[in-house]
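This report concerns only the one structure given below.
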Amino acid sequence: MARSEQQGLQVLSALDAAKTQWYHFTAIVVAGMGFFTDAYDLFCISLVTKLLGRIYYTDLSKPDPGTLPPGVAAAVNGVAFCGTLAGQLFFGWLGDKMGRKSVYGMTLILMVICSIGSGLSFAHTPKSVMATLCFFRFWLGFGIGGDYPLSATIMSEYANKKTRGAFIAAVFAMQGFGILAGGIVTLIISSAFRAGFHEPAYQDDRVAYTGTEADFVWRIILMLGALPALLTYYWRMKMPETARYTALVAKNAKLAAADMSKVLQVELEDETEKMDEMVSRGANDFGLFSPQFARRHGLHLVGTATTWFLLDIAFYSQNLFQKDIFTSINWIPKARTMSALDEVFRISRAQTLIALCGTVPGYWFTVFLIDVVGRFAIQLMGFFMMTVFMLGLAVPYHHWTTPGNQIGFVVMYAFTFFFANFGPNATTFVVPAEIFPARLRSTCHGISAAAGKAGAMIGAFGFLYAAQDPHKPDAGYRPGIGVRNSLFVLAGVNLLGFMFTFLVPEANGKSLEEMSGEAQDNEDQARAAAVQPSTA
């Protein structure tokens, strides 16, 4: 049998060998804008939670403005992650059953509706406003969850094997711009309202310090998350189904060749006969819960899920509670000395600075180097450096909290973000889209991502309570272990991530079929079919 036939379908070989073209960049932008929206929606809530506490839970008889009660704060911060976890599992499975493209539009529509709904959380009591907000943020998270496995799988199946890692990482890097955009949008809106409405600090005038206009601020910020998703919808619907899904899962080689001929602008032959032969041989038809999958990919799935789980404990606790850390080191003044809009402005300014200096550059270092040094080395280095910088914050913590040393703390803190993103935050997203079979790729990526969101929930809920001062906790909270000890715990989590990385294979420079074993299976089956007549 000819070697070309043994290697599989021409359309897949053409995709692997294709030069970087305009359609690659179009796919990055279209898939990446979903991630831009995801990050904006998930992280902008941390910019306005203190404002929500001031507006709905202030007791004017007390010397400090209100904060969200522990249960409400946990729900507002964490409910989107619950939805995201469910969405990753559901849409990951659905993407393998119905196809990547047909499911891709559903997630965006859900995100648009729920972003607007989050901002329109009108009710008569604080409890009902928060309940409505949590309802919409759960379903917003559900839509966001679907974007993870679908965007990663679509990009991996469109890319060539030489630059595949960079393309998938570039999609994920849009998350950094989403976080940055959240900070910038909040800065602009809070600045505009501060200029238009001069509010006194809480300690100067407790009645007038939070005007009714502050209620518009958080609503506008949340609703603007619908805009990039809405703008992307048309282009997502124009993308053809990936050739790997059409050929390897839907078993329609003719349509795969026709779609990719337009995309690659080359003539590809109709390989229906070869496809029929591969189907008749029954190559690669084992399921997710089969012994064969467990033997081939079981440890890989454990590795991708565990490392993502451990990474997100550290990453999301850092992101969601930056404002608390900045307050604890006195980089943001005491709440009573500011108006509500002043506090939003200062929190968003601090978060924007961290995103600009640490978060965004880290993502793009990964994009430029992932196909040079490989996924494994970047992930290993990232976990190691995150451990080092967490310890660098925790060991001399009292030094960092003394006046004059806060800038040093912020620089060290920015470095932990840099190495999260030039490290496991990017690679845990990339690798699950490369190493599993086509018919299970979206499902396995969804499982790995859902494990990550389980870690994010631990980070969101756990850090909220753990970081409480053991002597002077916030109102309504029990004493915790403090920020310093919480940083020690996060350093330990990162060290575990370093060790579990050794379960994850290196996919650099290999085709998706090589990594999943599909190419070898087809070749073995072809050999067996060729030998069988002579032994009859």
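Using N, Cα and C of the backbone, Cβ positions are placed for all residues, glycine too.
Here TrEMBL flags 27-509 as domain 'Major facilitator superfamily (MFS) profile'.
Annotated region 'Disordered' per TrEMBL: 513-536, in sequence order.
Residues or ranges marked as transmembrane segment by TrEMBL: 21-48 (among others).
The annotation transmembrane segment is assigned in TrEMBL to 68-91 (among others). Long-range neighbours of the transmembrane segment (68-91) within the same chain, counting only residues 6 or more positions beyond its ends whose Cβ lies under 8 Å from a Cβ of the stretch, are 41-42, 45-46, 49, 52-53, 56-57, 103, 106-107, 130, 133-134, 137-150, 316, 320, 442, 446-447, 449-450, 453-454, 456-457, 460-461, 464-465, 476-477.
If you look up TrEMBL, you'll see 103-123 (among others) marked as transmembrane segment.
Within the same chain, residues 24, 27-28, 31-41, 43-44, 47-48, 151-152, 155-156, 158-159, 213-214, 216-217, 220-221, 224, 319, 339, 341-342, 344-345, 347-349, 351-352, 355-356, 359-360, 362-364, 366-367, 370, 421, 425-427, 429-430, 433-434 sit at least 6 positions outside the transmembrane segment (167-196) and bring their C-beta atoms closer than 8 Å to a C-beta of that stretch. As annotated by TrEMBL, transmembrane segment applies to 167-196 (among others).
The feature transmembrane segment is assigned by TrEMBL to 216-235 (among others). For the transmembrane segment (216-235), same-chain residues at least 6 beyond its ends with a Cβ under 8 Å from one of its own Cβ atoms are 26, 29-30, 33-34, 36-37, 40-41, 44-45, 47-48, 51-52, 55, 105, 108-109, 111-113, 115-116, 118-121, 140, 182, 185-186, 189-190, 193, 341, 344.
The feature transmembrane segment is assigned by TrEMBL to 353-370 (among others). Proximity of distant same-chain residues to the transmembrane segment (353-370), defined by a Cβ-Cβ separation under 8 Å and at least 6 residues beyond the stretch ends, is recorded for 165-166, 169-170, 172-173, 175-177, 179-180, 183, 322, 378, 410, 413-423, 425-427, 430, 508.
Long-range contacts of the transmembrane segment (376-395) within its own chain (CB-CB distance under 8 A, at least 6 residues past either end) are made by residues 307, 311, 314, 366, 369-370, 409, 412-413, 415-416, 419-420, 422-428, 431, 484-485, 487-488, 490-491, 494-495, 497-498, 501, 504-506, 508. As annotated by TrEMBL, transmembrane segment applies to 376-395 (among others).
Among the features that TrEMBL reports, transmembrane segment is placed at 407-426 (among others).
Marked as transmembrane segment by TrEMBL: 446-466 (among others).
Remote same-chain residues near the transmembrane segment (487-505) are listed as 299-300, 302-304, 306-307, 310-311, 313-314, 317-318, 375-376, 379-380, 383-384, 386-387, 390-391, 393-394, 397, 424, 431, 435, 466, 481, 515 (criterion: CB distance under 8 Å, separation of at least six residues from the stretch ends). The annotation transmembrane segment is assigned in TrEMBL to 487-505 (among others).
Within the model, the domain 'Major facilitator superfamily (MFS) profile' (27-509) carries an average pLDDT of 85.
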